[in-house]
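*Asks:* Shown below is the structure under consideration.
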Amino acid sequence: MNKVYRTVWNEHTNTWVAVQETAKARGKSSQSGGSIVSELGLGGSRFMMTAAASAVLLMSGQAMAVRGDNSSSGNSHYCVYDETSQTVICGDETTESVDTVAGKPAKSVLLGKEANNTGESNVAIGLKSQSAEAASVAIGSEAKALHNQSVAIGQNAEAHADWDISIGRRAGAETVNPAAEGRNVAIGDGALRKAVSPNNNIAMGTSAGDELTGNANVILGTYANSKTANNEIRKINEGITASNVVAIGDRALATTNSAVAIGNRVKATGAIATAVGAGADASGAYSISNGYGATSSGSHSIAIGSAQNQNFKTQATNSFAIAIGSNQTSATGNSAIAIGTEAKAAGLNSVSLGKLAGHVASDATVAQLSQTVNIGYRAGVGVKRNIHGIAIGNGAGEAVDSPSGQNIALGNAAGSRVKGNTNVAISARAGQDVEGHDNFAALVDAGQNIKGNNNIAIGKNAGRGTNAAAPLEVSNTIAMGFEAQGTHNDTIALGQKAKAQVEDSIAIGRGVTTELLAGDTAGNREGMIAIGSETTKASGKAAVAIGRNSRGIGRGTVALGDASKSLAGQGIAVGAQANVDAAAAGGVAIGSVAKSQGVLAVALGSQAEASAARSVAVGALSQATRAALTPNAATSDAATAAANQVYALVQASDADKTAISATVKGNLGAVSVGNATNTRQIMHVAAGTEDSDAVNVAQLKAVANV
């Protein structure tokens with residue numbers, strides 16, 4: 001039979017004690033608490049039982065139960081200890097517990113109006129609190145611990161499965177289809193509320209995991225992984241279905257299996273996505289976002305970095321894209337990589353490394369930015385089109401606009417403002433302001449301000465035009481050397497300050513030039529070659545000057561040798577200081593200091609001179625000074641022979657003299673094998689047969705014998 005008790009304060013032991021409701025006072029009314037306790041030999045004052053006081057009493061470890069025989073209390077509040085069920089019940093007639101469970105005493109504690117227990121070794125404390133099965137604890141108004149070893153603490157807190165722990169108002173409440181073994185931990189107002197078949201979840205924070213469907217999740221933070229409006233999920237009326245997620249932070253969301261979201265208002269909504277940092281958003285499958293506002297929306301994308309605000313967030317918006325940096329760093333192309341503050345990689349497979357690298361023009365054509373590489377501060381800034389292009393260096397490849405791309409710029413500000421395809425610029429400022437294709441520029445400031453194709457400029461300031469407003473319009477040129485320059489099509493200038501200034505010309509050597517001859521027309525100026533140094537120059541169609549300070553001036557001239565000069569058309573000067581005078585058109589001077597000073601004159605040999613027109617000087621120091629004869633008479637006195645007279649023996653008849661004069665024909669000058677002071681023999685001369693043939697000594701001897 002249930003025994004009914006009431007509690008009083010024992011002043012002797014300083015404890016609350018339970019006394020039988022039917023105990024009578026000795027000599028005083030039943031309203032005297034002191035008399036009641038005195039009857040029991042305890043002494044003290046009376047105490048009216050309340051639910052709160054009973055909780056304090058039962059949990060203090062200082063309560064004592066005193067057995068009585070009468071169960072009727074006459075009071076709506078009571079505290080009962082039942083020996084059969086070994087259960088303590090403190091409440092009213094609505095507070096209920098089973099006596100046994102599977103033949104075992106209930107061994108439970110109930111406290112509160114309408115508190116209810118249907119299991120073993122349970123605790124139910126609070127208005128309408130419920131405990132069921134074994135070792136469950138429900139504390140709080142309408143708290144429910146309904147499965148083995150479950151705990152529900154707080155108003156309307158509910159633990160619906162084995163080993164569930166729910167702490168806080170409505171924590172774990174209204175679970176749908178609870179699992180037999182939950183092992184869920186819900187701590188916070190509304191944590192894991194209305195969860196569907198939850199298992200092994202940890203949810204801590206106001207409304208954390210509200211209406212969650214899933215298992216093995218870790219959710220920490222206010223509204224973390226919650227369907228409530230405050231977490232900014234677009235579909236407000238749908239809960240989150242996910243397992244094995246981690247969501248930590250105020251309004252953190254990890255909405256797909258194995259997703260991780262750590263930070264305030266962070267979202268990991270893609271499959272197995274990871275988002276870390278306030279406002280980070282990983283919506284792409286297998287994507288990663290790390291940093292304030294970082295966004296990875298492409299599958300397998302990675303966004304790492306921070307921003308001043310959401311308008312400057314780091315973004316990786318395409319599949320396999322990687323963006324690492326701050327203030328609008330973005331990788332928007334498939335498999336694109338952007339690393340650096342404000343770096344951008346917009347094209348397919350593009351790479352941008354460095355602050356502002358790849359920060360293309362606002363009207364850029366994305367399809368024409370595929371597979372570009374921009375490395376360095378401002379590399380590739382302002383580009384509109386440059387598919388397959390490469391820019392490496394601070395400011396390299398800026399403002400390129402190329403329909404077919406493949407431009408390469410390596411060096412500080414190299415290859416900037418290029419309009420054309422497949423151009424290459426290497427070194428600081430090389431290849432700037434180029435319009436054309438297949439141009440190559442290497443070393444500082446080489447190949448600038450060019451409009452044309454297939455040009456090569458190697459060397460500081462080599463092959464460059466005056467400025468961008470007045471570009472050098474050439475094609476197919478080669479300029480190699482400091483300030484070397486080919487100013488016309490199809491030219492070659494090799495050497496310091498070498499200048500090939502005529503179409504199809506070649507200038508090789510320091511300071512060597514090819515120049516347009518005065519009066520030459522467009523079709524009469526090609527093919528010049530100048531090779532040497534200092535003042536070497538070739539001027540005139542097909543002119544050639546080879547050697548230091550050599551000069552070939554005139555059409556078809558050739559000057560070969562140190563300081564050689566061929567200054568008349570078709571002249572040839574070969575040898576150091578060999579010289580064909582400007583008046584000696586077609587002249588030939590071969591040999592050191594050889595001179596051709598007359599038209600078509602030939603000087604062969606060191607210091608040989610042919611000064612008469614069409615004369616020939618053969619041998620060193622030879623001089624040909626006699627012009628062509630126009631004979632009108634023959635004389636036997638050589639010493640007194642007048643001009644245009646030939647010599648004849650005194651014995652010669654007039655007919656013989658006429659015949660001798662007739663051997664002089666044409667307008668050719670004399671042939672000399674010596675000079676006035678130095679003569680030579682002509683050896684090994686065969687006997688002459690014609691009147692104009694030379695006669696050898698043998699023939700003269702024969703004449704002497706006649």
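Cβ coordinates are placed from backbone N, Cα and C, and glycine is handled just like the others.
Straight from TrEMBL, here's the annotation block:
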type	residues	note
DOMAIN	1-40	domain 'ESPR'
DOMAIN	136-157	domain 'Trimeric autotransporter adhesin YadA-like head'
DOMAIN	246-264	domain 'Trimeric autotransporter adhesin YadA-like head'
DOMAIN	282-306	domain 'Trimeric autotransporter adhesin YadA-like head'
DOMAIN	331-355	domain 'Trimeric autotransporter adhesin YadA-like head'
DOMAIN	490-511	domain 'Trimeric autotransporter adhesin YadA-like head'
DOMAIN	598-621	domain 'Trimeric autotransporter adhesin YadA-like head'
DOMAIN	681-705	domain 'Trimeric autotransporter adhesin YadA-like stalk'
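Can you tell me where each of these features sits in this structure?
*Replies:* Long-range contacts of the domain 'Trimeric autotransporter adhesin YadA-like head' (136-157) within the same chain: residues 112, 119, 122-130, 163-173, 178, 180, 182, 186, each at least 6 residues beyond the stretch ends and with a Cβ under 8 Å from a Cβ of the stretch.
Tertiary proximity for the domain 'Trimeric autotransporter adhesin YadA-like head' (246-264) is limited to same-chain residues at least six positions away from its ends with a CB under 8 Å from its CB atoms, namely 205, 208, 214, 217-226, 230-233, 240, 270-280, 282.
If you take every residue in the domain 'Trimeric autotransporter adhesin YadA-like head' (282-306) and average the pLDDT, you get 96.
Across the domain 'Trimeric autotransporter adhesin YadA-like head' (331-355), DSSP assigns 0 helix, 9 strand, 16 coil.
With a threshold of 8 Å between CB atoms, the same-chain residues lying at least 6 positions outside the domain 'Trimeric autotransporter adhesin YadA-like head' (490-511) that come near it are 459, 463, 474-484, 522, 525-536, 538-539, 548.
Taking DSSP states H, G and I as helix and E and B as strand, the domain 'Trimeric autotransporter adhesin YadA-like head' (598-621) has 0 helix, 8 strand, 16 coil.
Here the domain 'Trimeric autotransporter adhesin YadA-like stalk' (681-705) is broken down by DSSP into helix, strand and coil counts: 8 helix, 0 strand, 17 coil.
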*Asks:* Using a Cβ-Cβ cut-off of under 8 Å, list the residues of the same chain that are 6+ residues beyond the ends of the domain 'Trimeric autotransporter adhesin YadA-like head' (598-621) and lie near it.
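*Replies:* Apart from its flanks, the domain 'Trimeric autotransporter adhesin YadA-like head' (598-621) reaches 575, 583-592, 627-628, 667-675, 678, 680.
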